[in-house]
Structure formats: structure tokens, C-alpha cells
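The L-cysteinyl-5'-AMP binding site annotation in Swiss-Prot covers C43, G44, I45, T46, T58, N81, I82, T83, W227, G249, N250, D251, V283 and rests on sequence analysis. For C43, C231, H256, the entry in Swiss-Prot reads Zn(2+) binding site. Annotation comment: Swiss-Prot describes 45-55 as motif ''HIGH' region', evidence class sequence analysis. What Swiss-Prot lists as motif ''ERGGDP' region' is 187-192, and the listing cites sequence analysis. Summarising the annotation, Swiss-Prot assigns motif ''KMSKS' region' to 289-293 and lists sequence analysis as the type of evidence.
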Amino acid sequence: MQSWPDPEVPKLSGDSPALRLYDTADRAVRPVAPGPTATLYVCGITPYDATHLGHAATYVTFDQVNRVLRDQGHDVHYVQNITDVDDPLFERAERDGVDWRELGSEQIQLFRDDMTALRVLPPRDYIGAMESVDEVIEAVEKLLASGAAYVVDDPEYPDVYFRTDATEQFGYESGYDRATMARFFAERGGDPDRAGKRDPLDAVLWRAARDGEPSWEAPFGPGRPGWHIECSAIALNRLGIEFDIQGGGNDLIFPHHEFSAAHGEALTDSRRFARHYVHTGMVGLDGEKMSKSRGNLVFVSVLRRDGVDPAAIRLALLADHYRSDRMWTDDVLATAVDRLQRWRTAAAAPAGPDAAPTVARLRQHLADDLDTPKALDAVDAWCADVRTGIGSDPAAPAQIARAVDALLGVVIA
């Protein structure tokens, strides 16, 4: 599937410190130590609605990871999926009286437009679930053959399930106890009460064909892929086992990332699917959790339509640490708009303080678990010096503008 245009990223001189990120599985900030090619997998959208700020915060975060790794000299093999076959898409299409394929296509294009506006670097591989069905079928066949999966005893709907006990290490990624797993499994798309399952937490690999749902032929019966195995197959077939970073929002820690890891590990007889599991916090609105049920989602496309500069949206999302849950308010956006104006005014100045120390601080803060608040503060400090007339280097404003573009994805000149 086509992604979106790749913005030009300025090349900076000098060296960048090694990137360190918090790993959910190890509960610690650890160095990311890729080879010449860094490998990154980020779970994509289910295209039944427009890109809201929670989505945007996640993709901007991993764009920061991408930019830091590139600045360190790595080639980055970035893979992102699209869950273009799933219940929420069917339900929204039925509600709106449209074909689910048309709805998915429209929302994917809107997502592309939003990512382009936010200057998010596109993935090298942008893969839809429908594109990967053959890969999923092959993976499910292997899991059935190894005993890691089973078919429920249901002549009408012989779904295929993954055994939670198929890997000894199941649960290491989230670190959750059984009760927490059970709660999140029920809340986040699981089916603990499905008759015929050997364990309430066993996750569906292949949903047998139902009336009114798309299906594909498979040796174990017609149906469609489960959510978790899609990501396992897509990642393994493009990045291999133990790729560098698996990323997404913290609502994906369990069950999605736990099971996609377990599927991949069972398929390859490996202990670890990814070297780092990295998760972003949630975005709320005016003191409340942002959710579809509350009807308080803030959409990037609506902000853009209302004339908000996408660079200001990006700066607003970078103002808090990526792992923190944060609130979106009018004041947050106003602060970002003001900051963007101050940065652009300073970048247009005829001269300013030497850029090298500020660029070094930018790199240092971003390498330290993406400390974007401190990175923004470093640019703020340079701009404040320009306003007070400190510094006489005529090359500095352009150098700062290049660094802000390359490292933060924000154009100020």
C-alpha cells in the first residue's frame, strides 16, 4: 500500500549520542543498539475514523525515534500496518450506510494527509491487513502444526485460537498479573467467554467466516485474520525476529503487543520478539479521557481545516514527555502557537548566538528517552537570547532552523 510523501530532512554535522528508550518489558530506560539498519515496527490505525490527537501523539513520537536514529547515521527500516479488516470498521460502515472498503480507503487517505501535514516520515513498508492475509494463513498453519494453536469445537464457527501457554515467557512484555490481563482482555477486543476455548485469555488467530463479513479461503477453513497475528506476520516477514523497536500507544501493551510478541516467538522458537517495547501515553481533553464513547475526540484534520498550523500541533504534542498521559486544552495549543511564532521570528533574525551548543543540547535531550520538553526548552533559550540581542553569528539562525527541522520535524525558516 502507498504511504505518503517523504519530506526532505536536512543533514546535520557533528555526532549524536546513543539513543536510550524506556522498555516496557524491562521496566527501565536502556540503550537502543541497532546495527547499521535500525528496525522499527509501529502499529497503525484501524481506518474507520479520522486521525485524532491520540493517534497523532503516537506517530509523532515514533517519528522522533526515526529522526534520532537517522541523525545517528542509521538507515531505518520502518514498518507500519493498517488494520483494514476489523469489527470497528464494519460497524462504522454499517452505521453510516457505506461500503466498509470505501470507508477504509477514505480514512486511510485522510491519515496520509494528516501525517504529511505533521511532517511524519513515512514507513518504508506500509502494509494493510488484506495485503498480508497469505502471510497470516502461513503463520497460522505453522502454529497449528506445532500445537501452539487449536481449532475450537464449534461446527458452525471453527475459529482458530492461540494457546496462552504456548510460550514459557508469556506475560513478560506487559508484566501484568492474571487479573489485570483478564480485565484488559475483556475491555480491548478479547472474547474471554467464547465457548470451547481452553483458556479465557487465548486469543483468536483466525475468525471463521460469518455472514456479512469478508473472508478468505484457508486450509483450516474460510475466515479472516485475528488482530494480533497480523502484526506478527507483517513484522517477521519484513524485519525478522528480535527487531529493534515495537511501538504503539500504552493501550496496546496488553493484549495486542503481548500476543503479537507471543505469536512471533512461538513461530520462531525465540525468547523475544523485539528488543525494545516502547509505548506512548494517552491524550485527554480538558481533564477527561479522550474517547469515541465520550464524543470528545479532537481530530488533526479538523484543526487543520480551522486554520491551525500543523507545526503548532506537532509542537503542542512534543511539549509533554511521550510516556506521560497529557491533556489537550485551548491553552496548550495557544502556547504552541506562540512558541512557533517566537521560533520563526528568531530564525529570521540576521544573527544569533553560536548554534553548536544548542544543537548539542537538542541531541542530548532527544537521545535521553526522547526528552522533548527539555529539547524545546533548549530552543526557547536560544530564541530568548536572540530577542535580547545576544550573539553575532550570522550563520546561527539558519543552523538552528536546520536542526529544528531535522530533529523535531518543525519548519521555522
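Glycine too: its Cβ is placed from the backbone N, Cα and C atoms.
A map of Swiss-Prot features onto the structure.
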{"residue": "C43", "record": "L-cysteinyl-5'-AMP binding site", "Cβ neighbours (10 Å)": "24"}
{"residue": "I45", "record": "L-cysteinyl-5'-AMP binding site", "Cβ neighbours (10 Å)": "22"}
{"residue": "T58", "record": "L-cysteinyl-5'-AMP binding site", "Cβ neighbours (10 Å)": "27"}
{"residue": "I82", "record": "L-cysteinyl-5'-AMP binding site", "Cβ neighbours (10 Å)": "26"}
{"residue": "W227", "record": "L-cysteinyl-5'-AMP binding site", "Cβ neighbours (10 Å)": "24"}
{"residue": "C231", "record": "Zn(2+) binding site", "Cβ neighbours (10 Å)": "32"}
{"residue": "N250", "record": "L-cysteinyl-5'-AMP binding site", "Cβ neighbours (10 Å)": "16"}
{"residue": "H256", "record": "Zn(2+) binding site", "Cβ neighbours (10 Å)": "21"}
{"residue": "V283", "record": "L-cysteinyl-5'-AMP binding site", "Cβ neighbours (10 Å)": "25"}
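Close to the recorded Zn(2+) site, the chain also has N81, W227, H228, E230, G248, L252, H257, S260: residues not among C43, C231, H256 whose Cβ is within 8 Å of the site's Cβ mean position. In the three-state DSSP assignment, the secondary structure recorded for C231 (Zn(2+) binding site) is helix. Classification of V283 (L-cysteinyl-5'-AMP binding site) by DSSP places it within a strand. With respect to their backbone Cα atoms, H256 (Zn(2+) binding site) and W227 (L-cysteinyl-5'-AMP binding site) stand 8 Å from each other. If you compare every pair of Cα atoms in C43, G44, I45, T46, T58, N81, I82, T83, W227, G249, N250, D251, V283, the residues listed for L-cysteinyl-5'-AMP, the longest distance is 23 angstrom.
According to DSSP, C43 (L-cysteinyl-5'-AMP binding site) is assigned to coil rather than to any helix or strand. Between the C-alpha atoms of V283 (L-cysteinyl-5'-AMP binding site) and C231 (Zn(2+) binding site), the distance comes to 24 Å. For I82 (L-cysteinyl-5'-AMP binding site) paired with C231 (Zn(2+) binding site), the C-alpha to C-alpha distance reads 9 Å.
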